[in-house]
Amino acid sequence: MAESTMLKAKHIVTIFRNDTNGYTVAKFRLYNVDEKEIIGTGVLPKLQDDVMYEISGVYEEHPRYGMQFQIAHIEMSKPNDEESLIRYFSSAQFPGIGKKSAEMIVLALGSDCIENIKKDPDILNTVIGMNERKKKSIVQGVMENEQLDDSITFFSQRGISIRNIMKIEAAYGEEAIMIVKENPYQLVEDIDGIGFVTADKLGRALDFDYDHPFRLRAMVLSAIQELTMSTGNSYTTYPALSKSLQRKLGSVFDLEAVLQALISSRQVMVEDERIYHHDQYDAEKGIATFLSGFPYREEKLELPSYFDDEVKVMEQDFAIAYEAKQKEAMRTFFTSPFMILTGGPGTGKTTIVRGILSLYKKFYPGSEIAVCAPTGRAAKRLSELGEADATTIHRLLKWNLESNTFEVNDQNPLTADLLIIDEFSMVDQWLFYHLLKASKQISQIVLIGDEDQLPSVGPGCVLKDLIGSNLFSLVRLDKIFRQSEGSDVVTLAHEVREGCCEVLDHASDIAFFHCDHYDMKDQILKVVQNAFMKGYADTDVQVLAPMYGGIAGIDALNHALQKMCNPYDPDKREYKSGFRILREGDKVLQLKNQPDDDVYNGDIGKIIEIASPHETMNHQVMITVDFDGVLVSYGPDQISNITHAYCISIHKSQGSEYPIVIMPVLKDYGFMLQKRLLYTGITRAKRSLVMLGSKAVFQQAISREDRSGRQTTLVKRLWELCE
């Protein structure tokens, strides 16, 4: 291994910088080495032009770009002679200070001028030609440079990444080190993306005891969050929390005292033995409070007298005949500020939404409409109706990934008159709360969803709770209208809700092949191959499974399907990521929201290029994925955001539809195989559904009522405020 080298060099220019992870390629000029220039690379803070730095690292030969210096540590060099001080004060980091002003500063204040300015900024008043503008520039530059340099040194020495250092700096500014020294565990609460493990790394480095009150509070707060995320409940209980902490710690501490401290600081709320993290408590109360006073605009909603005439015109335009229930839904919309439209597949939800949008634009031509959904694919389907452009909820609210905040909020609200949210069963209560906070200027809200699908990944079951409260205008669709391709799939979905599956005996759009778990992988490959032979593309066929592990789990099936769908080809580039091999042509799934790239959790795309490090400007591997025309590039730090999508989880498939769905049904899946999960998987199929496994296991699963009902108090809060 090459020996680390320390250099002193002036930063000339930043060639490339990834603001997400801090990776930087920059040109430096070595100090006192015949003006020799080098290329330095690494995860670095933003560098100041014309500033001297002390850098340590190793030289490495890049196959395309030649010799580079891989920087492991960097800090600003402290100028201590007349020449370097003049160069420092006349650099770009001090706007308005030229060489002459810099010379006057050094002449008046001497070689200790930086320390003197830090101790007493007013000492600059003794410099000839100094004014308030120049003084402000100098003081600000000195303080910012010192602060960032100190922070990088302090945190990097304690194992904190540059990315997290930047987050800490952004949150705390010049007080970052002081705050963290006093309580490193405050990071858990204050900075999104920094969890207990990172905070505890700092805490241990700063000699905080295992039983320090700050550490115990952060641990309990994190445990409450983990319990609500894993169960979907909006709160937890003392026994559940105590049991969880016992498993982690293996020792006893005074949980009551820690909880009381968290309650006093309003990080935790307790009501009738229910323990809430403040995020979920605020979300529940905020939703109930907003809806109890909605709408906030004084507008009387009336059904236009010409409603029936316009419906007839619309029927002619769309070549459709609306059923009585569908007309009732549209009438309800025009007389209700808040309406819920629910129903299973094929019941006409999309048809009604198209009608509502068409009529609304005719009746209120100057009004603004906001249409959104939790996933990019669901939003795209809404846009395809042709009546309004739809977007994701996160994009509508201008979500900031780094801070987990929304630019559109109660201080900067939505300006729309009508808000429509589709696939609402996927929306958790925290996200809905923030959407409502931005909706005080809206006069009508419509929620559309299937209450029998899987609930949101995050805590809460908002759609079910709102329907169960019986406080809002509700249209429940139960008649099946879809009679073309996929109609048997629709029939099966509705039968599954009732716990039966009679249509399986005579369905033309559904096949159920018996096979054992050891034969499952090969049988799925045969079904997929058969679909390809009939002319279907890999984007038309989606395998869904409930769990990742096992010989018939998502990971094993993806491995086998990749071999068949996109086998090794010497002309296709590959990249090994952990146990996975990503290959050009692979079908991949997005695992996290990336709003800046317009790609979201659950989106499916195809790898179109893998560029090796010697081909890219930043000297890193770069994988480019095509998401229906949206091209997104992933460096090494983002590659974990994608995975193979030949087989995906049923949860990840929500909000999407596929012409052909293939779904294994095995006893091995155990408790994961529940009615709601199977129903959600079935309803993803637009034309054909193929199930493999055991019909007996399938029948048993749909006959068994889900025991996973989420525990929330949203209905209780709504009743308290609305009745």
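Heads up, the Cβ atoms here are built off N, Cα and C, so glycines get one too.
According to TrEMBL, the features are:
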BINDING   G346, T347, G348, K349, T350  ATP binding site
DOMAIN    335-485  domain 'AAA+ ATPase'
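Annotated features taken from TrEMBL, shown on the structure.
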residue	record	Cβ contacts under 8 Å, 6 or more apart
T347	ATP binding site	L477, D478, K479, I480, F481
G348	ATP binding site	E323, K325, Q326, L477, K479, F481
K349	ATP binding site	L341, T342, G343, I448, L477
T350	ATP binding site	R381, L385
Taking the Cβ of G346 (ATP binding site) as centre, how many other Cβ atoms lie within 10 Å?
22
Would you identify the secondary structure of T350 (ATP binding site) according to DSSP, in three states?
helix
Taking only the residues in the domain 'AAA+ ATPase' (335-485), give me the average pLDDT of this model.
90
